[in-house]
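Novice: This is the structure I have questions about; it appears just below.
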Amino acid sequence: MAEGNSSRVTEFILLGLSDTRELQVLFFTLFLLAYAMVLLGNLLIIVTVRTDPKLSSPMYFLLCNLSFIDICCTSVTAPRMLVDLLSQRKAIVFEGCIVQLFFLHFVGSSEMFLLTMMAYDRYTAICKPLHYTAIMNRWACWVLVSSCWAGGFLHSITQTLLTIQLPFCGPNMIDNYFCDVPPVIRLACTDIYITEWLMASNSGLISLGCFLVLVTSYMLILVTIRGRLTEGHWKALSTCASHMMVVTLFFVPCIFTYLRPFSAFPFDKYVCVIYTIFSPVMNPLIYTLRNNEVKESMWRLWKRCRV
């Protein structure tokens, strides 16, 4: 801590997931494998979509962007966590903590908005097939993706500004493996009641609002196609089911974490693992194993690489 008229925290200590050496080694192995799967799986999706002209529909354009965001989201937390699992002292400077917090919310909220846009894409394709190409043209897709990034930036900069204006002059132990808004602002040496509710209403309502829009879009799809399920509709429903698996895995932990006052629970940091590590792992698995077009494109890519 720096001493002067008042002390100010210059670094935070991350307590991580466990202080037991055997568990740290186990976590390191599991999370290194998960991070490698995130990088390789999502990079494979990006390369496949970008190199195969048959995957030029808006759905695959959005999927390609989702894979890129997943790589960014996991890379904000995973490398630091892997290093800390093998380190004796898990310290992060104040500025580094704020930067991590900013990028976590930037890419995390951008992913929420993008998943919502993907649900809108499926709704348009299934419920308004005659107008689909006019509504989801290339220009509209770029506008939607740009809006997701812009919305993510506005959300993140708000969270960051609310955090850095707080005084930190006392405890510096963060009971987590990365810097996030709830555990960080609990360390502020002032009354955070108003700030707490402002942040909860921001992150929490965004998470809940996007999730409700997603659920509503799937309900509208089911209502629209009930009683007239063709082969094409079954294929679309399979895509929606995959999408809903990702959505549930990502949104439910976020809603639990952010849509409440930031009181601490012992299992909070384990809930964070779901949406920072395992949800990005599931995306390439779900979208490849349940999508014949992607699997066929990957096989063609593999055969071209072997030649």
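For all residues, glycine too, the Cβ spot is worked out from N, Cα and C.
Predicted, not measured: the structure shown is a model, and the values here were computed from it.
According to TrEMBL, the feature transmembrane segment maps to 25-47, 59-78, 98-118, 139-158, 205-225, 237-258, 270-289. The domain 'G-protein coupled receptors family 1 profile' feature in TrEMBL is assigned to 41-287.
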Novice: Which range wins on Cβ pairs under 8 Å with the transmembrane segment (59-78): 25-47, 98-118, 139-158, 205-225?
Specialist: 98-118
Novice: The domain 'G-protein coupled receptors family 1 profile' (41-287): mean pLDDT?
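Specialist: Value for the domain 'G-protein coupled receptors family 1 profile' (41-287), mean pLDDT as a whole number: 86.
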